[in-house]
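As recorded in TrEMBL, the features of this protein are as follows:
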- Cys62-Cys72: disulfide bond (DISULFID)
- Cys77-Cys83: disulfide bond (DISULFID)
Amino acid sequence: MSHCCTFTISNNCPYTIWPGTLAGSGSPPLQTTGFRLDAGQSVRIPSVPAGWSGRIWGRTGCKFDANGVGLCQTGDCGGRLQCDGNGATPPASLFEITLGSGNEQDFYDVSLVDGYNLPIFAAPRGVHGSCNATGCSSDLNL
């Protein structure tokens with residue numbers, strides 16, 4: 001039996017961020033690989049397939065033209081709004097996840113392996129069993 005899930009990305013920062021997504025090897029790209037998220041807004045990415053693996057991160061200080069070409073001060077992914085297979089340029093706080101399929105477990109973490117640019121917090125919802133929230137909800141640059 002295979003299930004899919006929905007990722008909800010919320011911007012709790014007092015400024016705009018531009019989330020980026022990158023599918024891992026063998027996983028399809030998500031419906032969007034980059035978008036703008038103003039302070040207080042949330043976006044749902046539905047139908048993430050079982051077995052999906054990848055990263056999500058926030059970019060800051062971005063400026064894009066009408067064609068989606070530009071740059072971000074942190075977390076840039078090839079100078080485009082849509083990351084389209086490009087990962088984040090450090091520094092970038094990362095949410096990493098591999099979804100199980102069938103009865104397999106999901107694995108997720110918040111990683112600072114590529115540096116730190118934003119507080120990031122992950123909390124699973126609507127799951128069975130003992131799943132913990134993880135992350136860093138404080139600004140480490142203060």
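Every residue, even glycine, has its Cβ placed from backbone N, Cα and C.
TrEMBL annotations: computationally assigned, not manually curated.
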Count of other CB atoms lying within 10 Å of the CB belonging to Cys62 (disulfide bond): 20
Spatial neighbours of Cys83 (disulfide bond) that are distant in sequence (at least 6 apart) but have CB under 8 A: Gly20, Thr21, Leu22, Thr33, Gly34, Cys77
Spatial neighbours of Cys72 (disulfide bond) that are distant in sequence (at least 6 apart) but have CB under 8 A: Trp18, Arg59, Thr60, Gly61, Cys62
